[in-house]
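As written in TrEMBL, here are the features:
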type     : residues : note
DOMAIN   : 260-471  : domain 'Integrase catalytic'
COMPBIAS : 620-630  : compositional bias 'Polar residues'
REGION   : 620-690  : region 'Disordered'
COMPBIAS : 632-651  : compositional bias 'Basic and acidic residues'
COMPBIAS : 672-690  : compositional bias 'Acidic residues'
Amino acid sequence: MFQVNVVVQLEDKLYRVLLTTNRHAIWIDIEDQKAFPDIVELSQLESLLLQEKATRVDDPYGYITNLLPEPDSKDAIIRDRNYQIIKSLVDDTNFYVKKIRAKHIADILEIGEVSRPYLYKLIRRYWQRGQVPNALLPDYKNSGGKGQKRIAKNKKLGRPRVIMAGIGALIDEPTEKLFRIIIDKYIFKKQFSIARAHRKFKGLYDNIFPNVSESEKPTKRQLSYFFDREYTNVEKIKAGVPDIIYRKDVRPLLSTATVQALGPGSRYEIDATIADVILVSDHDRNQPVGRPTVYIVIDVFSRLIVGWYIGFENPSYVAAIQALHVALTDKSDFFKGLGIETDNFLWPTPGLPDAIIADRGELIGHQIEGLESSYKVRIENTPPYRGDAKGIVEQRFRTLQAEFKKFTPGEVIGPTVKKRGGKNYWLDGKLNVSEFTEIIISSIVMRNFVDPMTKYDRAKDMPADLPSIPIHLWNWGLQNRTGRLRKANADYVRIALLPRAKATTSVQGICLFGVYYSASEIIEIGWMHRSDRSDRPEKVEVAYDPNFADEIYLFHTPGNQDHWVCRITDLSREFRGVAFWEVWRKQKQIKIQGSKDQLQADNLRMHHENRVEDIISSAIKQTPKSTATNAERMKGVSHSRSEQLEKERAQRRPKINIRQEAAKVVHITPSEDSDDYPDFEDELFNNEDN
């Protein structure tokens, strides 16, 4: 059975069914401008459909029913007037009978409102476009050639000039080519304004057409018109901002991050920001130390902040590891250390998520392998400069900073470089890092347990009485959704995330970055014994914490996360209690000093070698040619050696200065004349000398 207004394609023509009877269908060719309704048997039409010679297709004029012209508008008036003209004809169910149709046409023409060609045009349009009054709307949208390019031949397009001198430039194909060059180079790539791009265009135009007067050059308005006509609105929006900003802040958002999270622990987002506040030193509040780094780990499903890092490490895997470590540990002791009461809230049990989304470079290399293979955590890296890929945590940064910025001394607003007469934010800081940490943690507690989220995109199965508060969403998700958290040892996960390197082994221990380590296990297996049978490997894989050089973690079994803790030896005691950053800095200074010393040594060695060569050359010249045989010369070696040794000993003997007269004795105290010899017995045999 065929419905009225269904469109059927037969070969390369389209027909609309206008009316059906028990045995026949009345249809009309909707593309023929001279068509009239025709009769076809239903059985024949059904046979064509079964043979797949005819098919039902979408109505090309289906959009007409959705047109809603404004009341009393020109379009509505024309439509209603035309419908009243043909109403008597189209309402007659026998309109397909030629005689009846001819009588109606004659009656309409007798009134004299329209001509015969226009009347035929109206009734054909009515039948061909769906038999609705909207089919009689005028096609003004096709008037004027909208969207069609007009080609200038001998005269420029647009109205003639009234104020400016000259006729104006004719925008031909070579000029359009120059327009495109300027638009692509300066408007799209460098985000120039139309005015500035037009000035660049005139310079290019003068090079190609040097003899054209200023009044006959293409104007800024012509460039703007060409830009509006040839480029879509999306292309213009992209041209207004750098490509990085467009992808991050301007492009359309087609979905929401929560859709990808099945429940708590399904996805964690981790990101860092530099806080907009200047902090001061813990030891001297008058000494500013700069802006801290804040890392946040957030659960996408519930928006619960599960981990954080607040300090002065630059955004990197070092700080990211510490934030993840907080996310996997019990926080009760942490809150007690800050003096935050935890009686009013219960922090969720920590665990590993299904996936972690982070910036490229924050979790790379073996960290991905360790988390994916050992703990089945999927790492999703965002493209460069795409903070919008982690929109949840990016928004949370803005929310947290908004809570304290306006009340915090040292708030950074606008440009961070001080200009003349501007405000120096570095001198306004009053908070140290401990106080700032307490503020951030307090804000996190408020966000997690108290503040409702007004714009949280709720799922269909969430009850209406479920508060849009992260902790409530977390708990509801654990009970009603797939709980994705997995228990893991926080210390093992921390070591799995640490950077790794190849260390060498020797009798002095395990050497990493020039620092030596030892462990009781490697001593027991004989790696440090000075023997050829020690059977120690040349290199081993170790993990290290860049913030702590006192110990490293040696993976003794390939393909296994089991490890030995190796501690720094006395040989490298100068590096105890420092970070590897300090080790690398000090070693760099040693290398710099060593290069200076080597340069000086090379210069002195050159003088030394020249002197040695001169001495040898002089000795060769002073040696006379011997007439004695080799045997005679060898016989005199012992005698010559004795003479040379006696001469050497004589040179080493001290020289004794023998006076010709005895020195005159000067007495300190006057002495009495006496003929007795002095007695030195007591002095010679003093008890202390016995």
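Note that Cβ sites are derived from N, Cα and C of the backbone, with glycine treated the same way.
In the predicted model, the domain 'Integrase catalytic' (260-471) shows an average pLDDT of 75. Long-range contacts of the compositional bias 'Basic and acidic residues' (632-651) within the same chain, counting only residues at least 6 positions beyond its ends with a Cβ under 8 Å from a Cβ of the stretch, are 626. Taken residue by residue, the compositional bias 'Basic and acidic residues' (632-651) breaks down under DSSP into 19 helix, 0 strand, 1 coil. Residue counts for the compositional bias 'Polar residues' (620-630) under DSSP, helix first, then strand, then coil, are 4 helix, 0 strand, 7 coil.
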